[in-house]
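**Q** According to TrEMBL, the record shows the following:
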type	residues	note
TRANSMEM	B:20-37	transmembrane segment
TRANSMEM	B:188-207	transmembrane segment
DOMAIN	B:208-260	domain 'HAMP'
DOMAIN	B:265-301	domain 'PAS'
DOMAIN	B:384-604	domain 'Histidine kinase'
Amino acid sequence: MIDHIKSVLLTILILTSFVQSGILLYTSPSYEQVLTPDDYSYPHKIVKESFEKQGVHEIAAPSQILIHQNGKHQQIPGNLEKSQIRNLLSNVHLTELTRPQKVTPSNKDWNNLMAKKDGIELRFNNNLSPEIMQAFFTTDLPKPDLRSVSRVWIYQNAAGDQSARFISDETGKTVQYKATLESFADLIKVADKLNAPFLSATLPKKNSGAIPRPLYLPNDPLAVQQLRYPLKKITINDLKLALFPDPNLIEKKLTLDRATMYTDTTRTLQHNTAKNLITYNRPDSTTESEFSLTDQLDLIQQFMRRHEGWTGNFLLDDIENDPDQVTPFFRFRLYTNGLPVFWDGGEKITPATLRLSAVGKGVTSYDRSLFYPALQPDKKATKVSYLPDKKELLAELDRKGISLEKKVTSIYPGYRTDIKDQAVTFIPTWIIQLEDGTRNYVEKRSPGR
Amino acid sequence: MKFFKWLRLFNSVQWKMVLIYISLLLIAIQLIGVYFFQELEDFYVGDLEVRLKRQADLLISPGGMAKELAKPQLNSAEKRKRLNKLLQNIYILDKGSGQIVQLLDQDGVVLSTTAENKSKIGQKNPRVTSVLRGVNTNDTQFRRGPNNQPLILYSKAITENDQVIGAIYIEAPMKKTYDTIRTINNKLLQISLFSLVGTAILGIILARTITNPVKEITEQASEMALGDFHRKVAVKSNDEIGQLAAAFNHLAQHLREALSQNEEEKGKLESVLTNMNDGVIATDDRGCVIVINQRAGNILGRTIAKGDPITQALPLSEPLPFPLVEERQAYLELNREDEDEPTVVKITFTPIRRSEETVGLITVLQDVTEENKLDRQRKEFVANVSHELRTPLTTIKSYLEALDEGGAMEDPELAKRFLRVTRQESERMTRLIHDLLQLSRLDAQKVRFNRQPVAIEEILSDAVERFSISAEQKNIDISFRFNDHLPKIYGDRDQLDQVLDNLISNAVKYTPEERSITVSARRRSDGFVVVAVSDRGIGIPQKDLALIFERFYRVDKARSRNMGGTGLGLAIAREIIEAHGGSIDIDSRYGWGTTVHFTLPPYVPEVIR
């Protein structure tokens with residue numbers, strides 16, 4: 001018996017020896033995973049090809065650019081795909097603006113400005129915050145003492161002195177800057193180079209003292225391309241890979257009837273499967289932000305660029321202030337062929353709109369549709385369409401009972417959409433922006449003209 | 001086979017001890033090694049980790065990367081430039097040690113790096129996920145780099161208002177650290193190895209000091225098993241081994257003595273067996289001979305070897321059943337060609353029992369030929385005595401009946417003759433009874449000899465004189481011759497007279513008339529006196545000579561009886577002479593005469609003393 005116990009003890013001793021060797025081996029640092037450069041990866045892109053925004057100024061760019069030259073008016077579509085326009089915007093963006101001062105120009109002065117001085121008028125769709133101007137120009141721009149900015153008019157007098165007027169149509173106030181825009185004369189020639197149509201200014205009758213806001217309409221029917229784009233869809237998986245730092249940690253947390261929620265505990269991604277919309281949220285506890293709108297746009301720009309979120313040329317359309325949130329929501333609109341796209345349907349978020357907000361160190365919310373029109377149109381389906389001329393348009397407005405003086409804030413060409421067979425047709429239309437915020441469309445009256 | 005040879009080698013106590021010793025030492029070294037290596041590694045790696053933490057803290061510190069990262073910037077490109085510049089400026093500690101420091105944003109994308117290769121900028125670093133998620137404020141990982149060198153990866157979250165806004169990631173080579181650890185470990189291993197070898201040698205020596213005496217004792221035990229009890233184990237110490245050796249020597253001595261006694265006993269037993277008058281044969285339970293003494297062979301007249309079946313050794317009429325349950329006896333008659341009488345052997349079979357089981361057989365062979373012969377002689381003697389007594393009684397009875405009934409009394413002459421015959425027969429009976437009584441007393445050694453130194457010539461002369469008349473009556477010349485220097489003898493005169501009377505009377509009886517009888521005496525060279533009574537009588541046939549001294553033996557029974565002989569004279573003479581220390585024998589030639597010689601020892605005074 002004792003011999004057996006001894007044998008067992010000896011065996012245990014030898015086994016212990018092996019176990020200790022194992023422990024020694026096991027407790028050594030583990031280097032199973034070899035660190036290779038492949039560990040690093042570029043942030044996931046949700047589309048193969050996106051629209052490249054070269055800076056925040058290309059997000060905060062004006063929706064319309066008007067060139068006033070020798071008393072003539074031409075509108076340049078904000079088509080950033082065209083190098084001349086991008087170059088123009090880049091130069092304008094770099095305009096040095098100093099010595100702001102509030103001015104109250106007389107009507108004569110305004111008329112003189114329109115009729116006799118060469119200038120570049122930048123029109124923004126909505127009355128945007130003066131800070132947005134800092135985003136478009138530079139942060140060094142002394143913020144204009146205005147509640148909102150509707151237009152920026154850069155002009156040059158006969159002596160060659162340049163000035164810029166920041167106009168708030170909302171308040172009827174103007175702040176003038178001393179401007180320095182390199183190659184001003186060359187820049188305004190871009191309109192001719194692009195064969196931009198000549199427009200005639202129609203000045204609705206306003207109350208006295210109000211800053212004149214002419215409507216620039218063509219005397220001849222306006223030729224605009226009707227385009228058809230394949231409608232593409234972003235997969236939810238691509239978005240998960242793009243929006244979460246480590247996709248391995250994502251859990252499918254909540255599944256409702258028409259929505260699925262994904263989270264990694266620090267951020268959520270809600271997928272509305274019925275409407276093919278997503279809402280991305282990254283909660284931020286920052287209560288007071290020292291970040292300017294420009295900073296926020298910069299964050300948005302970085303965020304969108306990182307995952308190729310700009311599926312088209314989106315421009316800042318509006319800023320929504322939410323009392324429950326420190327920072328506002330930025331609404332962006334799709335511009336195709338330099339013209340704004342208005343998607344059919346009553347949804348706030350459509351393939352033509354994006355909504356983002358940023359606070360602290362990044363984007364906190366991101367709403368978008370999973371569908372998007374491709375960057376390249378179907379060339380076979382592309383055709384030129386003619387929008388009604390000034391006369392026809394005004395007659396149509398008259399017929400519709402829309403008073404230019406009281407209701408219309410602006411009229412500009414744009415697109416509305418028509419979806420068929422997984423493709424979307426961008427139909428040219430006059431956009432009549434009304435003061436109550438609604439829009440009206442006036443399309444061609446006589447096809448083939 | 002070689003394997004088993006090696007296995008047997010390692011099955012020895014010496015190698016077992018060495019193996020156990022080395023195993024224990026190995027375990028101890030491993031135990032120390034495990035904890036030492038672990039602690040050493042923990043210390044150095046921990047130290048490196050602390051340095052990296054310090055580096056990261058310095059980079060994040062107020063005024064460092066955290067502030068810059070949190071600072072709003074209009075232009076992200078410019079911001080990156082500034083971050084990069086700041087990183088290069090602040091990165092002071094361990095610069096040139098091969099470390100790579102990265103600054104990452106909250107999505108894990110590299111914003112800036114100290115590495116020469118800036119290709120990582122803009123890419124996601126997957127190893128900072130845990131700190132970016134806020135699971136840990138810092139994280140340490142160990143990996144191997146592309147060139148297989150160990151790396152420590154340290155990441156630390158950059159927070160603002162308790163929110164993660166980025167991270168610092170440091171990738172540091174651990175080669176130097178592990179080189180240091182390895183150097184120390186190698187030293188320890190070398191020391192351990194030397195210790196192991198040293199202690200293994202000591203273990204072998206220690207084991208040998210224990211096992212060598214045991215081996216010696218084993219060898220001695222083997223020698224003892226072969227029968228050599230005279231060798232001794234050297235007692236070199238007083239410890240347990242020494243005590244074992246001493247105990248072994250003591251045991252050997254006791255065994256030697258015990259075996260010696262055993263041998264002695266065995267010798268005695270063999271001696272007893274050899275010298276036994278009886279033959280002894282022992283067999284095993286199957287009846288094969290295992291022990292036999294010489295006497296058994298002699299009795300059976302044949303050579304019996306050990307292992308022979310006893311049934312072959314003993315020509316029994318009935319087969320012997322094995323195993324034998326109880327004692328049995330049998331008689332065997334062996335006819336030998338060179339002997340007149342058959343040898344009668346009494347065989348006693350006794351089973352050997354051990355714990356109620358018969359394990360063998362002891363066979364005792366007794367030569368009972370002489371006993372049978374004596375018994376027969378006794379029976380013959382009784383028959384002779386009866387016959388000798390009945391014959392005169394019958395005669396007396398018939399004569400007395402004739403006297404009583406036949407009217408012989410009326411004839412005085414006849415009656416007288418009848419009475420004379422009756423008296424003669426009764427006298428013969430008296431003599432017979434007298435002789436028988438004397439023989440009986442001689443046999444029982446109840447006769448008290450009145451031995452005295454006497455001159456033999458005087459006794460002989462008187463005896464011759466006593467028979468001179470009866471000789472003359474038969475005209476027989478009886479003479480006496482003797483040497484002058486006859487020594488005296490030491491004897492009972494009466495008894496010697498009786499011997500001489502018997503011998504001379506027989507000579508007179510059986511010597512025809514006009515023949516001669518000579519009584520002579522001479523001194524033999526050894527001092528004994530030889531007396532011879534020679535006659536020129538009828539002699540005795542040669543075949544009767546050997547039996548002539550037997551009791552009641554007569555050559556011619558009727559003639560002897562008629563002459564008044566009892567048939568006991570010579571037997572009595574022999575008993576008396578032999579009682580005096582002499583001997584008697586007879587020479588005779590039938591028809592020529594007979595000479596009876598007897599010797600008597602001389603009187604030697606010293607002998608008496």
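Cβ atoms are placed via backbone N, Cα and C, with glycine included.
Annotations in TrEMBL come from automatic prediction, not curation.
Provide an account of the burial state, proximal residues and distances for the features listed.
**A** Residues 181, 185, 188-189, 192, 195-196, 199-200, 203, 206-207 of the same chain, all 6+ positions outside the transmembrane segment (B:20-37), place their C-beta atoms under 8 angstroms from a C-beta of that stretch.
The DSSP breakdown of the domain 'HAMP' (B:208-260), given as helix, strand and coil counts, is 39 helix, 0 strand, 14 coil.
DSSP assignment over the domain 'PAS' (B:265-301) gives 18 helix, 11 strand, 8 coil.
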**Q** Same chain, outside the transmembrane segment (B:188-207) by at least 6, Cβ under 8 Å from its Cβ: which residues?
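**A** Distant Cβ neighbours of the transmembrane segment (B:188-207) are 13-15, 17-18, 21-22, 25-26, 29, 33, 36.
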**Q** Can you tell me the mean pLDDT for the domain 'HAMP' (B:208-260)?
**A** 84
